[in-house]
Amino acid sequence: MTLARFVLALVLGALPEVVXFDSVLNDSLHHRPRHSPPTGPHYPYYLPTQQRPPRTRPPPPLPRFPRPPRALPAQRPHALQAGHTPRPHPWGCPAGEPWVSVTDFGAPCLRWAEVPPFLERSPPANWAQLRGQRHNFCRSPDGAGRPWCFYGDARGKVDWGYCDCRHGSIRLRGGKNEFEGTVEVYASGVWGTVCSSHWDDSDASVICHQLQLGGKGIAKQTPFSGLGLIPIYWSNVRCRGDEENILLCEKDIWQGGVCPQKMAAAVTCSFSHGPTFPIIRLVGGSSVHEGRVELYHAGQWGTVCDDQWDDADAEVICRQLGLSGIAKAWHQAYFGEGSGPVMLDEVRCTGNELSIEQCPKSSWGEHNCGHKEDAGVSCTPLTDGVIRLAGGKGSHEGRLEVYYRGQWGTVCDDGWTELNTYVVCRQLGFKYGKQASANHFEESTGPIWLDDVSCSGKETRFLQCSRRQWGRHDCSHREDVSIACYPGGEGHRLSLGFPVRLMDGENKKEGRVEVFINGQWGTICDDGWTDKDAAVICRQLGYKGPARARTMAYFGEGKGPIHVDNVKCTGNERSLADCIKQDIGRHNCRHSEDAGVICDYFGKKASGNSNKESLSSVCGLRLLHRRQKRIIGGKNSLRGGWPWQVSLRLKSSHGDGRLLCGATLLSSCWVLTAAHCFKRYGNSTRNYAVRVGDYHTLVPEEFEEEIGVQQIVIHREYRPDSSDYDIALVRLQGPEEQCARFSSHVLPACLPLWRERPQKTASNCYITGWGDTGRAYSRTLQQAAIPLLPKRFCEERYKGRFTGRMLCAGNLHEHKRVDSCQGDSGGPLMCERPGESWVVYGVTSWGHGCGVKDSPGVYTKVSAFVPWIKSVTKL
């Protein structure tokens, strides 16, 4: 302790009467460690709870003490990084750190003006420098090389301690350069961070000024998760913006807990040499290269209106931000709506300016816009796979080019589809687009990079689509892909060329109509759906033949949203988008009303005379069939794929009979079904009709025909209280062999031989019908492959109910639930004989539940009744 400090401490009463002078001297000479810093508020001399002890005798004479060793503080880490050399202050910390106000063990310093007796008793050489100063920064007024200050100790008395000049030092870590990064503060020998709560540009500007990195600072945030284990020192920093050091700002000492948003304070600094350019930032983007353009003017952030906003303006913004690559303008608050004022409007840059300030524009604050028109930019770095449209009138149209290995190249149009166009336009920021003629744009002279591109429509980037290897193609530049993209209109109205596809049809020319809107495939409701609407869909897909509309989920129910309802086409429109008069997503429909189309439709109803001779002698012939498709466990069949499938319908007073049972056509005039189908409504022929050539129960079709019943013959051994002899024959109305007209969709099945055992002679068995699908009764004809089982399975399961006049069929495993249920009673169990003829071996009769594990279905064995069938039908 120096003499001056000892005198001051004595005058202030810091040395109690009970402590001998020699002990104080010895403590000072041996540099006894100071007390721990007090935990409460600090006041000069004493804490408020203590009384100053009465002085009973004058202080003893003060000997001369050796001065503390001169120790220069270490250089600031940030100064070394930035290339600065700290200038020593003549009587304190270096010039860059004159604001330290705590001791090296963390005790807050007292204000110099609060210890006036020091001046009066033993003024040091530099005391005049501190006269009237109410600050508490560490100084060395007695000429010692190491700054110090007074502090209140744990007992409420005044003591002194050395200071660490690095306390409160600032550095930026983790940035791309020295002008940006996470703010770190040095305290108590450890670097720590600042919680980002209330962190703003005023705080950031003080940091930048303190680091001599310019007077402009932009507040940023960094996740704590990427900083490792590091303490937090401050929160709620509240700078005015003109402070010379962050230590001069109001702030809260971190007391623990959770920092809001778990973000640390960070800054980006910039100089203001040359012309005064406005501060710009990009907000709301997925990276630092894109976002809503915001300007800092008159002390607040604001946006730019997108009137006249184009790629030339974006070029200037990217240049001003130091971002290279492809500059693109974005409109209509693409990166979200901002807040605060709209700063600028009608910006009209040429693209060569250094700052938006140099571009023609409105006066600051003058505009006629809302935040729905906030402008944005993207400054996409030139990396492999970046795409652009070149040679057009703007960035929305032109020749498709891809950047690869430092060079732009084109894409060949082999196999190009609307889905490819959609992915390209979406990546470029547009909602829709269409392929344009390459003749509209100048031919490229660069390489052809890609060929045979195929997108599904779900890709977010063009390079996610399947394609050939880079540079492999068999094209010329006359086959370059050209595209015109369109933004989404107001209220989500569609522009031209949104993707359309047909699903679940028998071929690519038919199916359920689905459209791709707002990133999702969805369906169209069939309200008002006509052949004119179908014609537009088919034309959009490139088909020129006749088109037919299909309603009532003819091709099965879709999934996802129902995008469109009440389509009104005249038949001459270029695309479905021209027919849509109602807002997207607005409807009153279910997927049971999904619309469909058949393109290049050339179906024609067959003539009875023309088919009589060629088809009357043929049975079991499937003219229309395709790959196997698996009622319960089944899927839609092919139209006309099971031409002997008919339905027994119960007539009603309205004339539209409902499905009662399935049945099998044996000839033009005879149908085979189950006897139990007549158990409830009796055997009066007036109650029933038979429909042949049907596929969708609610949609009339060209091969469909409904015929009255002339005779019902139930096997004489059938009893309503039994399941045995469950077989019946139905005679259709009409002349002999001229009841039903044969066609590719209406043909008879073959009968088996008497006592034929299908397990040995047949394979590839199916059940068909409109029955239970596991969710509801189907509107479209279903089919399901089903294995024949040894009779012992049903004998064990059903005991005495199963007889030798029955067949056992079905899957025993729960995960392969295939069965023929209530709506398919009387329907056929068909198996294929070698030679491709199909034989009706079973009639759906009964079972336990529907698709229940270990409960196979039971079918009437037709081969046991062949003599009876022939005697009745005379076949």
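First residue shown is number 1, and so on along the chain.
Glycine too: its Cβ is placed from the backbone N, Cα and C atoms.
It should be emphasised that the depicted structure is a prediction, and the values quoted were computed from it without experimental measurement.
What Swiss-Prot says about this protein:
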| type | residues | note |
| --- | --- | --- |
| CARBOHYD | N26 | N-linked glycosylation site |
| REGION | 31-88 | region 'Disordered' |
| COMPBIAS | 56-71 | compositional bias 'Pro residues' |
| DISULFID | C93-C165 | disulfide bond |
| DOMAIN | 93-165 | domain 'Kringle' |
| DOMAIN | 170-271 | domain 'SRCR 1' |
| DISULFID | C239-C249 | disulfide bond |
| DISULFID | C305-C369 | disulfide bond |
| DISULFID | C318-C379 | disulfide bond |
| DOMAIN | 387-487 | domain 'SRCR 3' |
| DISULFID | C412-C475 | disulfide bond |
| DISULFID | C425-C485 | disulfide bond |
| DOMAIN | 500-601 | domain 'SRCR 4' |
| DISULFID | C538-C599 | disulfide bond |
| DISULFID | C569-C579 | disulfide bond |
| DISULFID | C619-C750 | disulfide bond |
| DOMAIN | 631-874 | domain 'Peptidase S1' |
| DISULFID | C661-C677 | disulfide bond |
| CARBOHYD | N683 | N-linked glycosylation site |
| DISULFID | C765-C831 | disulfide bond |
| DISULFID | C821-C850 | disulfide bond |
Rounded Cα separation (Å) that holds between C379 (disulfide bond) and C475 (disulfide bond): 32
Within the domain 'SRCR 4' (500-601), residues counted as helix, strand or coil by DSSP: 17 helix, 29 strand, 56 coil
C249, C485, C599 filtered to the disulfide-bonded residues whose C-alpha is within 10 Å of C412 (disulfide bond): none
C165 (disulfide bond) versus disulfide-bonded residues C239, C475, C538, C579, C831 - nearest by Cα: C239
DSSP-derived structure type at C369 (disulfide bond), helix or strand or else coil: coil
Candidates C619, N683, C831 (recorded positions) - the one closest to C369 (disulfide bond) by CA: C831
Cα-to-Cα gap, C831 (disulfide bond) vs C239 (disulfide bond), nearest whole Å: 87
From N683, C750, C765, the recorded positions whose CA lies within 10 Å of that of C475 (disulfide bond): none
Candidate nearest C599 (disulfide bond) in space, where candidates are the disulfide-bonded residues C239, C318, C579, C750 and distance is Cα-Cα: C579
C-alpha spacing of C485 (disulfide bond) relative to C619 (disulfide bond), in angstrom: 56
Alpha-carbon distance [C569 (disulfide bond); C538 (disulfide bond)] in Å: 13
For the domain 'SRCR 3' (387-487), mean pLDDT (0 to 100): 85
Number of Cβ atoms other than its own within 10 Å, given for C369 (disulfide bond): 18
Rounded distance in angstrom between the Cα atoms of N683 (N-linked glycosylation site) and C318 (disulfide bond): 85
Local Cβ density at C661 (disulfide bond) - other Cβ atoms counted within 10 Å: 27
Neighbourhood of C305 (disulfide bond) by C-beta distance under 8 A, where only residues 6 or more apart in the same chain count: V342, L344, D345, E346, H367, N368, C369, E373, D374, A375
Cα distance (Å, whole number) from C569 (disulfide bond) to C239 (disulfide bond): 64
Shortest C-alpha distance to C485 (disulfide bond) - which of the disulfide-bonded residues C249, C318, C569, C579, C750: C579
